[in-house]
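Trainee: Dropping the structure in here first, questions after.
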Amino acid sequence: MPEVRSSTQSESGMSQWMGKILSIRGAGLTIGVFGLCALIAATSVTLPPEQQLIVAFVCVVIFFIVGHKPSRRSQIFLEVLSGLVSLRYLTWRLTETLSFDTWLQGLLGTMLLVAELYALMMLFLSYFQTIAPLHRAPLPLPPNPDEWPTVDIFVPTYNEELSIVRLTVLGSLGIDWPPEKVRVHILDDGRRPEFAAFAAECGANYIARPTNEHAKAGNLNYAIGHTDGDYILIFDCDHVPTRAFLQLTMGWMVEDPKIALMQTPHHFYSPDPFQRNLSAGYRTPPEGNLFYGVVQDGNDFWDATFFCGSCAILRRTAIEQIGGFATQTVTEDAHTALKMQRLGWSTAYLRIPLAGGLATERLILHIGQRVRWARGMLQIFRIDNPLFGRGLSWGQRLCYLSAMTSFLFAVPRVIFLSSPLAFLFFGQNIIAASPLALLAYAIPHMFHAVGTASKINKGWRYSFWSEVYETTMALFLVRVTIVTLLSPSRGKFNVTDKGGLLEKGYFDLGAVYPNIILGLIMFGGLARGVYELSFGHLDQIAERAYLLNSAWAMLSLIIILAAIAVGRETQQKRNSHRIPATIPVEVANADGSIIVTGVTEDLSMGGAAVKMSWPAKLSGPTPVYIRTVLDGEELILPARIIRAGNGRGIFIWTIDNLQQEFSVIRLVFGRADAWVDWGNYKADRPLLSLMDMVLSVKGLFRSSGDIVHRSSPTKPLAGNALSDDTNNPSRKERVLKGTVKMVSLLALLTFASSAQAASAPRAVAAKAPAHQPEASDLPPLPALLPATSGAAQAGAGDAGANGPGSPTGQPLAADSADALVENAENTSDTATVHNYTLKDLGAAGSITMRGLAPLQGIEFGIPSDQLVTSARLVLSGSMSPNLRPETNSVTMTLNEQYIGTLRPDPAHPTFGPMSFEINPIFFVSGNRLNFNFASGSKGCSDITNDTLWATISQNSQLQITTIALPPRRLLSRLPQPFYDKNVRQHVTVPMVLAQTYDPQILKSAGILASWFGKQTDFLGVTFPVSSTIPQSGNAILIGVADELPTSLGRPQVNGPAVLELPNPSDANATILVVTGRDRDEVITASKGIAFASAPLPTDSHMDVAPVDIAPRKPNDAPSFIAMDHPVRFGDLVTASKLQGTGFTSGVLSVPFRIPPDLYTWRNRPYKMQVRFRSPAGEAKDVEKSRLDVGINEVYLHSYPLRETHGLVGAVLQGVGLARPASGMQVHDLDVPPWTVFGQDQLNFYFDAMPLARGICQSGAANNAFHLGLDPDSTIDFSRAHHIAQMPNLAYMATVGFPFTTYADLSQTAVVLPEHPNAATVGAYLDLMGFMGAATWYPVAGVDIVSADHVSDVADRNLLVISTLATSGEIAPLLSRSSYEVADGHLRTVSHASALDNAIKAVDDPLTAFRDRDSKPQDVDTPLTGGVGAMIEAESPLTAGRTVLALLSSDGAGLNNLLQMLGERKKQANIQGDLVVAHGEDLSSYRTSPVYTIGTLPLWLWPDWYMHNRPVRVLLVGLLGCILIVSVLARALARHATRRFKQLEDERRKS
């Protein structure tokens, strides 16, 4: 007999050490919480598939290592490990795979997800139930039988045959118990006279109630009122008990007065339909063994044993306290136990089968029984939910919840089986994941679920057979499940027929027809997949999708076929089932002389098979007596031997009276050890179990003549009867051959169906459009600024390159002409001639015009202090030979004013150079030069004809002669004359400073430099520095009034002041003087310009009042897009920039800036809502017209210009249930985080195709076609957090991060040499200009120090600008980088150590593997001859702060570095922690240690530290598993100890 496990079993040293720690007060809770947090952290982080494969592989290895040692702690660890893997899968499913494009896809995908959530819930509940089976052992009864209680044995019956019931009754009468203390009652709801007669004959009590109300429960309740025993023992009428039943079970009931129920297993000595009908079923454990062998024993640990309706003892007082057996549901047994436990009663389970019964003979009966169970458990779930109400512990609630919700499996099972059909038939991909991702996440989840269940179930249930059981019943239970949940009162009790015979085998179509239909549909889906894979033209993505779903469909089909195969009923002619038994017997004559001795092989109520050697040839049936001794009692049974030979004899009983029948029952069923081998099956081997399931499918295709006629189960038993591969070496070969045949058959059927599936439509994978929008860069120009290189539409807004506030070209007004004539009278006499090619003006290349894009143009500006006196346009290019001079032309206009017309010459397609004079009066500050292509005749053209085109060469020239206008020195004109916003080119602003370069004066200059940076924005600004006023041109002079150059005449100032004075050496130039009586006033004066809240005065002099500046907050720069709410496009650009005209309107751009240190949980995309309007009517081709959306030259998505709702939408619109599509469309779009950095640009390209091609159309149709983005379109960055891994010079190159985190640079200090030269100061000012352009805010908070005073700003980020002559002073600031500057060279001084490399390789094995052949690059380069270096590292003064050093031996090198920051094309090459610039060449390096800046909410730290780090995920996850297992094992042991403490004490006394 198994003993109760003690909590003080031998443990390993590690376990003992952990036990000592856990014994400390509060340690267990602390360790448990820490372990749970670690486990949650590890499950919350998703990894790329290739990294997840590492986690999966290691977890599989650990599974085999731990699973090799069978122990309770190992099982708990495997369950927790399985939970870790499954929760990682669940996290991945919820966060990475739920991307649906259609409502049908969303519906199907959601259904699959809900089914998976149900499966995971059941998995975890099963782990909870079985985490610590109690293994309860029998307790001895009091030694004096007089102290034993009285027992009433109930045998309820309704319509069963007497031949079945009499076995149970006679077996009950033979139970070893004092006769005066036990009474057997036949509860006959059929009220049959033969049963009453039998009761009188055998000595049982017969009870028949007048009505059949409440079926079995009512029958039992009626009997309770007519009996008075202390306990009630219930047997179903086919369950024959062993004689030791009460002696082995009553000890617990007597010992513990709180136990209301003692349940024992339901063992069936006949095979169930799965064992009998499937070819591999005979070696498979019965379906019910899992529940009685594992689940109930686990329930007992939680004091949640269920009453199963039979083979159980109940305490009468407990039953009477709840008002009798429950009658509200059709499963009175489970509901009765629940009611008793709600009142505080305990239940117990003894895992020793003490009765044997009949399994359902036919599949349809089996299904009917399960339908009743499902209905009853779901009724309890609805009307008496265990999660609610009083009296239950959480352990009991969860165990009951598991039992009830397990019968909800039908709908999820159907969903799992049919899910691949969503893609194979409808092209709906309901899991948005690659096959590699599924392999990395789903397969490990299934492996651990199956493997851990195999370790738990051992030989009680084989892997994959639950799928067959569920599939067999699922389609029958779907309706029952739904109806019962909606209406729990429906349904009635049905009695399961037992003991039937089958004269011949047949196929029970009624039991499997739903699965046949499902199987045919699945086969069609599989055939479709095979056909597409074989003959379809698929891209790689579609091919993988078909392969994955076809494999899924194949697995589903195998399970369905196995379920169908159960319907192949085999014949059953025997009235009595054979029961294997090994009992010594003697065969004697009538006179008592022994003929032969032997050992029985099997027994039944019809006879016995005995191993023996019959001494003589058997001439016919011979009467004999079989004698044996059972438990000290001799049994002599009359029989006849009917066959003998081969060491075996077959006997049949010759029963003449009730006593002889009683003796046979005692021999066959009543032995105390009759069923001890009930669970003696081989341990589960999942792969072999899968092969058995496949082999069972083969039986479905056998002919009627091949049906195996088995009269009884040949169950694998201990000893010689056990089926063993070592005894049957050909078994594996047979399994393999059967598998090969099955696969071949399926392949043949699939191939045969491919011809029929050939005409089926193929799902075509969506592709990105071949044409993707491209963002136009705006290169700086030497004199005039081009505003666009795309299509410039007359009278419309800029198509993509105009910045905010830039004016559009307008026809020249009369008052403008008068003003120009008036100004011309005072102009200088010096004229300047400018020659610009179209490329110089901003054309990306030659300008080509076609019918769909007939209007192309260029925007440029004229400085406001210049007057155009003459101009000429010199053109060259080519025109299509198909053009005709009488109908086709190219017309040039400037600001809507006619310049000239080009006519084609078919004989000479090329033309030019051709010169066109331009009236200088046409020019304004902002100008638009347009080229308009006419491709038709008489107002009609074929705009879609690609053979009609005209091209203007990019080398065509615009020659402009200008003279300077007299200066107008008004502060209100600032930033003119230094920068004219109409002239969009790189700006140069000379700065005049005293040679001492006082830090306060430098700060004032830096404020002004950043203000100019804001004005020039992305154009860039350079500040050449000198100590003297230039001989010509404009300049800014900053200094204390008393220190200003005497050439200015010492202007009188009474405080902070700003003045515009003429350049003493150039009357047409202006000097902007920023001054004050002291250095503080100079700073105030510079702030007066930079922070002016109102327009500056229309005067040349301004006294500045002190300026109050509010402290800045992180990431609040005016240039940065708001991140706490969705931002409208209309707040980023003017509405005109969002509009386009014509079928091809060019690229509409929406630029914005954002801090680059953005981080989202799991790299969740940002949200963008695109709203756009397209004209109604039939002008465009709906199927081909689209809007392409991109960001930073990365394609995101395309949308049709006219929203369509498909067939369903058309039908709904037709009946008036849906509104027709409107011109406004609204689409939500995901923006991947990796596409966003500091300077960003959204690109929108409308590509509208005309409805009719090749047909003459109105020439005005194209220009009348208007498309545009709605200004209420939004982009939302509110889900982003700020954190970044440094060093990363790319952040600096885009928006000056991390220094611009505070827009005024209040957390930044600039480190300059003690005596900087002009080049160093110029580099400083250029850098401040760059910062101002990045933030649109003056750098009023920056501090300037020398290297000797950096300790005063230790808590700030440091910007170091130095030449090699002073490099020694700043060397300590770079101590945390891997570089040093010495002897004019920049060198690498340190690499990671071997230990660091090893740690890095373990932390990120994939990267280490990819970089295994690469070596760190050593840097050794001279910083002379214009070579500059930019180094970024963590500050040695304060952790988390950054040092950025700009180093060179000369000003040219520093200037080169600063110019590099302003060139967008070069920004992409600025990366890592070191950039070396040499002319146009850039080299980036990454060697220095990394560090992190920024903060995250606590819940985001796991994702930040473990994303892309599989080893970290493993370490944290396994640590959590170990800690949780340690705490769980101790807690479970203590719980078991509490459960048994009093009884163990009692046993020790005995």
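Just so it is clear, glycine is given a Cβ too, placed from its N, Cα and C backbone atoms.
Computed from a predicted structure; not experimentally measured.
Pasting the feature list from Swiss-Prot:
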| type | residues | note |
| --- | --- | --- |
| TRANSMEM | 26-46 | transmembrane segment |
| TRANSMEM | 47-67 | transmembrane segment |
| TRANSMEM | 106-126 | transmembrane segment |
| REGION | 147-240 | region 'Catalytic subdomain A' |
| ACT_SITE | D189 | active site |
| BINDING | D236, D238 | substrate binding site |
| REGION | 317-377 | region 'Catalytic subdomain B' |
| ACT_SITE | D333 | active site |
| TRANSMEM | 398-418 | transmembrane segment |
| TRANSMEM | 423-443 | transmembrane segment |
| TRANSMEM | 468-488 | transmembrane segment |
| TRANSMEM | 507-527 | transmembrane segment |
| TRANSMEM | 547-567 | transmembrane segment |
| REGION | 711-734 | region 'Disordered' |
| REGION | 742-1550 | region 'Cyclic di-GMP binding domain' |
| COMPBIAS | 768-796 | compositional bias 'Low complexity' |
| REGION | 768-813 | region 'Disordered' |
| TRANSMEM | 1513-1533 | transmembrane segment |
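Give me the structural setting of these features: burial, nearby parts and distances.
Mentor: For the transmembrane segment (26-46), the residues of the chain that approach it from at least six positions outside its boundaries are 52, 80, 83-84, 87-88, 90-92, 95-96, 1162, 1502-1503, 1506-1507, 1513-1514, 1516-1517, 1519-1524, 1526-1527, 1530-1531, judged by C-beta separation under 8 angstroms.
Below 8 angstroms of C-beta separation, residues 74, 77-78, 81, 84-85, 88, 92, 434, 436-437, 439-441, 443-444, 447-448, 451-452, 455, 1405-1406, 1507-1511, 1513-1514, 1517-1518 of the same chain, each at least six residues beyond the ends of the transmembrane segment (47-67), sit close to that stretch.
Taking Cβ-Cβ distances under 8 Å and a sequence gap of 6 or more within the same chain, the neighbours of D189 (active site) are P156, T157, Y158, A208, R209, N212, A215, K216, N219.
Cβ neighbour count for D236 (substrate binding site): 24 (other Cβ atoms within 10 Å of its Cβ, all protein chains included).
Helix first, then strand, then coil: DSSP counts for the region 'Catalytic subdomain B' (317-377) stand at 31 helix, 7 strand, 23 coil.
On its own chain, D333 (active site) has F306, F307, C308, G309 as residues at least 6 apart in sequence with a Cβ closer than 8 Å to its own Cβ.
Non-local neighbours of the transmembrane segment (423-443) in the same chain are 49-50, 52-53, 56, 88-89, 92-93, 96-100, 102, 104-105, 108-109, 112, 524-526, 528-529, 544-550, 553, 763; each lies 6+ residues outside the stretch with a CB under 8 Å from one of its CB atoms.
Averaged across the region 'Cyclic di-GMP binding domain' (742-1550), the predicted model reaches a pLDDT of 80.
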Trainee: Near the transmembrane segment (106-126), which residues from the same chain, at least 6 beyond its ends, have a CB less than 8 A from one of its CBs?
Mentor: 82-83, 86, 90, 93-94, 98, 100, 295, 398, 401-402, 405-406, 408-409, 411-412, 415-416, 419, 422, 428, 430-431, 449, 453
Trainee: What is the total of other Cβ atoms whose distance to the Cβ of D238 (substrate binding site) is within 10 Å?
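Mentor: So the number of other Cβ atoms within 10 Å of D238 (substrate binding site) is 24.
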Trainee: Run through the region 'Catalytic subdomain A' (147-240) and tell me, per DSSP, how many residues are helix, strand and coil.
Mentor: 36 helix, 22 strand, 36 coil
Trainee: Verify whether three or more Cβ pairs under 8 angstroms connect the transmembrane segment (507-527) with the transmembrane segment (547-567), leaving out any pair fewer than 6 apart in sequence.
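Mentor: Since 3 or more Cβ pairs under 8 Å link them, the transmembrane segment (547-567) and the transmembrane segment (507-527) do come into contact.
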Trainee: Against which stretches of its own chain does the transmembrane segment (468-488) lie, if we need a Cβ under 8 Å and a gap of at least six residues from its ends?
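Mentor: Sequence-remote neighbours of the transmembrane segment (468-488) are 274, 287, 329, 363, 367, 370-371, 374-375, 378-379, 381-383, 407-411, 413-414, 417, 512, 514-515, 518, 559-560, 562-563, 566, 693, 696.
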Trainee: Checking distant contacts: for the transmembrane segment (398-418), what same-chain residues at least six beyond its ends satisfy Cβ-Cβ under 8 A?
Mentor: 111-112, 114-116, 118-119, 121-122, 125-126, 128-129, 298-299, 302, 304, 306, 334, 338, 373-374, 377-378, 380-381, 386-387, 392, 467, 470-471, 473-478, 480-482, 518, 521-522, 556, 559-560
